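Summarising the annotation, Swiss-Prot assigns Cu cation binding site to CYS65, HIS69 and lists similarity to another entry as the type of evidence. As annotated by Swiss-Prot, domain 'Histidine kinase' applies to 350-589, with the evidence given as sequence analysis. The phosphohistidine feature in Swiss-Prot is assigned to HIS353; the stated evidence is sequence analysis. The transmembrane segment annotation in Swiss-Prot covers 23-43, 53-73, 92-112, and the record cites sequence analysis as its basis.
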Amino acid sequence: MLACNCIEPQWPADELLMKYQYISDFFIALAYFSIPLELIYFVKKSAVFPYRWVLVQFGAFIVLCGATHLINLWTFSIHSRTVAMVMTTAKVLTAVVSCATALMLVHIIPDLLSVKTRELFLKNKAAELDREMGLIRTQEETGRHVRMLTHEIRSTLDRHTILKTTLVELGRTLALEECALWMPTRTGLELQLSYTLRQQNPVGYTVPIHLPVINQVFSSNRAVKISANSPVAKLRQLAGRHIPGEVVAVRVPLLHLSNFQINDWPELSTKRYALMVLMLPSDSARQWHVHELELVEVVADQVAVALSHAAILEESMRARDLLMEQNIALDLARREAETAIRARNDFLAVMNHEMRTPMHAIIALSSLLQETELTAEQRLMVETILRSSNLLATLINDVLDLSRLEDGSLQLEIATFNLHSVFREVHNMIKPVASIKRLSVTLNIAADLPMYAIGDEKRLMQTILNVVGNAVKFSKEGSISITAFVAKSESLRDFRAPDFFPVQSDNHFYLRVQVKDSGSGINPQDIPKLFTKFAQTQALATRNSGGSGLGLAICKRFVNLMEGHIWIESEGLGKGCTATFIVKLGFPERSNESKLPFAPKLQANHVQTNFPGLKVLVMDDNGVSRSVTKGLLAHLGCDVTAVSLIDELLHVISQEHKVVFMDVSMPGIDGYELAVRIHEKFTKRHERPVLVALTGSIDKITKENCMRVGVDGVILKPVSVDKMRSVLSELLEHRVLFEAM
């Protein structure tokens, strides 16, 4: 037998077993070869795989294992030495790779186990995230319900609608069996069932506010679970049900107590609460969840805010209604006052005109009589009539001035005037009256008193005359001194005038006038009465000298208009008085002092006494007034033509007439239209006569209307001979004369 490299089997081969081994090795090899292919495929598909070199070793191990099984197919039969060598090599390589792979797995397995741990961690994290997402969804759902409820609650500002809407929306959102609101009573000692969801409860039922369960709820700002058997939770009859639903209660802060009529509480600053009770359905396993309790708490806060807003709105509406009622009442009172003022002013205007017309006749005729040959007794009688008439005319002026001062229609006429001349004129006017009573009157003008000032000359002179006139009136003998000087800053503030706040400036100064007399004096407690209308103190009344009339009351108002104040001082009866007032006057501009619009008044010895041949026209609808004015002018030598109608005047007027006196306040006759027609007739100014309004109306509108239509002067009735003489002199010299009103 020839030698060979074959390995002889030790036991006889069983063909069936050999066949099964052969088939098994084939499929094992096939599986071993397919596994690396699958690994390679899925590794390529995977973006991240950290153990590629381990995979190479593991793939080599599997391939070599498959190769050994594949080579083993040829070992079941007689095979050559080559096959045996290949088989041996494959097994050696397989052993090496297997050992290397086993050693490598020692390092890999912990990583794989950590991967598993991370997997479990991620699963737990995912579960936690799921729970958080569920919580977030629950919170979002709660927030949605809160927004919906808040919108419904705030859709109205009626508190009853707010509370009813709250119960309905909470009942619908939380599927409640019952929901109720307990409000505090007026005494604050009980809670009253005010609103319920199902309207099946005895609204008005009360429970004591100091119950432990109520104190428990009021002491917490959270929703509190309470027993279904507590008095505030017995809202529904169980009707055979044995398991009542869970009940929670929450406090509702009452941010505005007055809206709920609980003003009888001793401490309104203490916080007070209403109680909201919510009940889940009976015979139900449902329980309150945290997010539902949070929803209830938020809604309670929103209800508190909405109730506060509603209360504020209700109060503002009540205040608005009250204000509207007050405005209506004030408007009615204002209209009534305006009607009364208009009626008073109309009455005063009519009375002024009607009284000045006869007064004009009395004074004019008395002054005419005074210039005739009279006996001493007759002259005394005429002078008495004239003085009484002048006093009555002054009183009429005072009444009208006071009326205009009170209704605010009188305004100061600001102009530049000679301040020293005002005092000298007052002194000259008062001296003859004082000399009759053997009173000496002295005038002291400080050296630093400005010669010119800016202010209302007429009102200042009227104030000085009234104050000095009172001093003369209540002094039987002795002396009267008038002192005028610039008030220093330290002497301006006075405790008697707390509302007087003088302000120093380079543009104005404060004039201080002091009138001191040695007359009857006055009790200090009677001094405030002197500035009231027709004041008459006991001391004055006993001397038959009458009261202070309107003079001081008007002076006080004039002084206030001139931003000053006035006061009177006296040490008592028989010790004389000192009247002092301060007024604000302006400085004229230094550059214009040489051009001051001031014309000194004509002195008595410079006034023309007669006007022979001066042609004058007089128009007046009142026959007495027309005759008196004509008589005055005729006494002064004028050639007078008197008419009563406009057409008659327009017919007789000519260039020969130098002056036209006309009453512009005649009933049924428009004196202003007459002035316009005269201007149309005489287009050239030097051909037109001087137009003078002789009127009894002293209002400012009359003067403005006269100036508007081109009237050259306005003279107030009554007019005496001396006044008419000075008026004509002024008109002929300046062709303009507007008497101050």
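Backbone N, Cα and C atoms are what each Cβ position is placed from, and that goes for glycine too.
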### Query
For the transmembrane segment (53-73), what are the same-chain contacts with Cβ under 8 Å, counting residues 6+ beyond its ends?
22, 25-26, 28-33, 35-36, 39-40, 43, 83, 86-87, 90-91, 93-94, 97-98, 100-101, 104, 108
### Task
Give the distance between the Cα atoms of HIS69 (Cu cation binding site) and HIS353 (phosphohistidine), rounded to the nearest whole Å.
150
### Task
Calculate the distance in Å between the alpha carbons (Cα) of CYS65 (Cu cation binding site) and HIS353 (phosphohistidine), and round it to a whole number.
145
#### Entry: Under 8 Å by Cβ from the residue listed as 'phosphohistidine', counting only residues of that chain that are 6 or more apart
SER665, THR695, GLY696, SER697
### Task
Check the domain 'Histidine kinase' (350-589) for me and report the mean pLDDT.
80
### Query
Looking only at Cβ atoms, how many others are within 10 Å of the one on CYS65 (Cu cation binding site)?
21
### Query
Within 10 angstroms of the C-beta of HIS69 (Cu cation binding site), what count of other C-beta atoms is obtained when all protein chains are considered?
21
